[in-house]
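Here's what TrEMBL has on this protein:
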type	residues	note
DOMAIN	150-316	domain 'Helicase ATP-binding'
BINDING	375, 378, 415, 418	Zn(2+) 1 binding site
BINDING	384, 387, 402, 405	Zn(2+) 2 binding site
DOMAIN	410-572	domain 'Helicase C-terminal'
């Protein structure tokens, strides 16, 4: 009787593919997770063995024969296989897609000629960074936290570590990591984005004498594979990286740390839309190890879990050493004459701090020079032809750019509509702030940190080095500056626009605004100099802003949780968002209406909202719409999604659209 291999492939279908076993079948146990090279259409693909059977729904005469089994044993441990299966079920995505996220490119894409085998890969041990050991002294709160976590080593226990900015969370991480390394175990540290990696690596270099590997998008395929193998073999003791590092196989896992757990960049927004924090919790459970979620501005989801005692709450209420929290003050912008976004008081305060040889940090979450280009004669505005969104003017080099799809074009001197030479640019971006400040402070070094000037390899490291050496006294930036950086000489932080998130249609906007303000404010006064934070706003009496500034983030978040509970919004309900897009405007809504009809028939305990056009209804030439599914119980939502996703390929409009399912969406746009 023929032996049939059931294979998961990274293709957009939910079912598995049956293949006949290779003619020259190796004498090895055929275990789940083995990589198998198979023919697929006119191509060859690497799939993953799910099970072995003697029967198939198709006649054996219609089955193709697998080309080769590539591994002697599965490359992933059972616990990671369980996590990938759980991921596939929870996010309702093909298992092949989940498997793909766990393998480096060189192990999941067949090479021309002969597939890559692990035996052909030399392990250069100097790829793992060697680092030296030092010791630190902890305060009472830090020591208590370390003791609590280390007593839980060897068992699953989730901890939410809330520490004010500058409270020494990293030092706490180090002490816990040291205890894990003494047990000959490995530590996985997840960071929100690549920008934090050089800074965190430098601190690890000062602290430990253990091999460490990094995972981030800047690695070459060969580097990623070598780091992956060092982690899998157990030669790397510390594995540090961004969200994709979550799927790295570990030989002796002992601890997972999620730094800045609130950060939205832990959520994958394309392909498999997973949340690394949530999957890390499941991985810790499967591995039976503790996990620490750290933040000064914890997500409402994590705070709710701590309130319900699903997480163990730990607190670092004071700054480490002699540093104290900065004083926060509002600048009421009403009736004030501003100069390119600057109030007189902010400029005066900047001059005073600069005179004292301190550094000043200015935050504006809008890159470019100006967000609006308009004709003063006829009112024409520069909109993206592919997105129907206004384009941002960038001055060096001079051009217009869409921040949604990336479309660029030169800025002409005359209006395209009326031909008059009366084009003006309105509003402020980080480039305009830089130009304005050069006029006010011509002798002061100014550095700007945003996506426009940190894209080249090594550019961010160079700018951070410039800041730490004191070559620049004024720091201008977007939310990149709010990502946990340590600037000990910054004593003044200016937040130019605090109002943008106060009146957004997104129910998470207030949470993000509070997090951003507190994170940016936390860059001030982190050493022996006291810090000051000035927040420019047209709404200084806004109750939540007042609570944030006067009572701190925890009281602010408690109020938001009460509002979410009243409105039955997450974390007190559960969401899934179906998105659809097409070049023809009618198709997305028609497709989503078909889904709505089936959804209302399948499940009474799920509220179906929409479909409606997306908040940005056209992007990159595609018209976009969305359908929101909401349930009070998570099981009710998933009981609907399972049959619903199976129905979608049979819908009449299915082939007319590109669609995606986002479980627990962070962005409803």
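Cβ coordinates are placed from backbone N, Cα and C, and glycine is handled just like the others.
What TrEMBL says about a protein is an automatic prediction, not a curated fact.
Predicted, not measured: the structure shown is a model, and the values here were computed from it.
Features recorded in TrEMBL, as mapped to the structure shown.
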residue	record	Cβ within 10 Å
375	Zn(2+) 1 binding site	20
378	Zn(2+) 1 binding site	12
384	Zn(2+) 2 binding site	24
387	Zn(2+) 2 binding site	22
402	Zn(2+) 2 binding site	22
405	Zn(2+) 2 binding site	18
415	Zn(2+) 1 binding site	20
418	Zn(2+) 1 binding site	12
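Of all the binding-site residues in the list 384, 402, 405, the shortest Cα-Cα distance to residue 415 (Zn(2+) 1 binding site) is found for 384. Put simply, of the binding-site residues 375, 378, 418, the one whose Cα is nearest the Cα of residue 387 (Zn(2+) 2 binding site) is 375. When the binding-site residues 375, 378, 418 are ranked by how far their Cα is from the Cα of residue 402 (Zn(2+) 2 binding site), 375 comes first. Closest by Cα distance to residue 384 (Zn(2+) 2 binding site), from the binding-site residues 375, 378, 418, is 375. Within 8 Å of the Cβ centroid of the Zn(2+) 2 site, not counting the listed residues 384, 387, 402, 405, the chain contributes 385, 386, 388, 389, 391, 403, 404, 406, 407, 619, 620. Here the domain 'Helicase C-terminal' (410-572) returns a mean pLDDT of 89 for the predicted model. Highlighted in sequence order, 376, 377, 379, 380, 416, 417, 419, 420, 422, 423 have their Cβ within 8 Å of the centre of the Cβ atoms of 375, 378, 415, 418, the residues recorded for Zn(2+) 1, and are not part of that set. In the three-state DSSP reading, residue 375 (Zn(2+) 1 binding site) counts as strand.
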